[in-house]
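A.B. asks: Before I ask anything, here is the structure I am working with.
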Amino acid sequence: MGQAIFMTGTGTEIGKTVVTSIVALALERLGMSVSVLKPVQTGLAEDGVSFAEQYWYERVAKLSASEGMYYMEPAMSPHLAAKLTGTSIEPERVAERLEWLKQRYDVVLVEGAGGLAVPWCERDGRFYMTSDFLRDYQLPAILVSLSSLGAIHHAVTTAAYADAQGIRLLGLMFNQFQEQEIIHQNNVETIAALLRLPVLAVVPLLPAVSRRELETLAQHWIEQGKAKQLLEVLGVGV
């Protein structure tokens with residue numbers, strides 16, 4: 001059976017989809033079979049028809065295997081989008097699909113919507129949070145963060161919330177990194193030191209993203225030894 005990793009972030013619009021694509025392409029280059037699951041998707045892509053993340057995975061990253069489950073047009077928190085569209089989000093169905101994928105792939109990357117403290121739905125008089133799903137099904141997570149101003153607070157508070165919810169963080173991945181900016185350099189070092197987590201990737205700020213650019217970054221990630229480091233943490237051999 002394969003391993004599942006939940007790709008979460010310190011917020012929305014920080015590039016989880018880009019980072020997830022790089023990880024998927026790198027692991028495939030190492031001979032692993034990889035699937036990406038985006039269980040809850042809200043908001044449309046630039047074409048005004050497709051759903052944003054699925055559009056990205058299929059048409060930009062061109063991953064061999066990616067899928068979603070709940071698609072909702074309003075670009076808002078899943079619980080509100082579900083209420084407005086009459087959608088019933090069932091975490092048990094997501095878990096069943098995830099188990100099905102784990103039977104068929106070495107690694108399944110599950111991309112969340114926003115961060116850990118995002119409600120999927122309301123049930124039994126309470127909100128069912130993203131963190132509830134990770135805890136209920138014992139999913140380890142990678143924390144994707146920006147490296148710009150404000151990143152320290154966002155990363156530290158997210159990690160504290162994860163710890164309080166009993167969620168295991170495997171490591172950190174930084175996105176939109178600007179090497180010439182001292183604040184970016186120091187934020188990466190400071191966050192890693194404060195959280196005592198390994199830095200598994202530092203993705204530069206990209207003016208434009210294409211499949212070729214993603215492949216280049218994936219190869220660089222492999223050459224740095226970070227892909228194998230992640231697999232070692234998971235106990236997956238290559």
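Using N, Cα and C of the backbone, Cβ positions are placed for all residues, glycine too.
Take a look at what Swiss-Prot says about it:
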BINDING   13-18, 111-114, 175-176, 204-206  ATP binding site
BINDING   Thr17, Arg59, Glu111  Mg(2+) binding site
ACT_SITE  Lys38  active site
BINDING   Thr42  substrate binding site
A.B. asks: Work out the three-state DSSP category of Lys38 (active site).
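C.D. replies: In three-state terms, Lys38 (active site) counts as strand.
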A.B. asks: What residue among the binding-site residues Ala113, Leu206 has the most other CB atoms lying within 10 A of its CB?
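C.D. replies: The largest 10 Å Cβ neighbour count belongs to Ala113.
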A.B. asks: Whole-number Å distance between the CA of Glu13 (ATP binding site) and the CA of the residue listed as 'substrate binding site'?
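C.D. replies: Taking the Cα atoms only, Glu13 (ATP binding site) lies 12 Å from the residue listed as 'substrate binding site'.
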A.B. asks: Given the binding-site residues Gly15, Pro204, which one is most crowded in terms of C-beta atoms within 10 angstroms?
C.D. replies: Gly15
A.B. asks: Sorry to bug you, but what's the C-alpha spacing from Thr42 (substrate binding site) to Thr17 (ATP binding site), rounded to the closest Å?
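C.D. replies: Cα to Cα, Thr17 (ATP binding site) and Thr42 (substrate binding site) are separated by 13 Å.
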A.B. asks: If you draw a 10 Å sphere on the Cβ of Asn175 (ATP binding site), how many other Cβ atoms land inside?
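C.D. replies: Within a 10 Å radius of the Cβ of Asn175 (ATP binding site) lie 23 other Cβ atoms.
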A.B. asks: State the Cα to Cα distance, in Å, between Lys38 (active site) and Ala113 (ATP binding site), rounded to an integer.
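C.D. replies: Spelling it out, the Cα of Lys38 (active site) and the Cα of Ala113 (ATP binding site) are 8 Å apart.
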A.B. asks: Between Asn175 (ATP binding site) and the residue listed as 'substrate binding site', how many Å separate their Cα atoms?
C.D. replies: 22
A.B. asks: If I take the alpha carbons of Pro204 (ATP binding site) and the residue listed as 'substrate binding site', what is the distance between them in whole Å?
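C.D. replies: Here the two Cα atoms are 26 Å apart.
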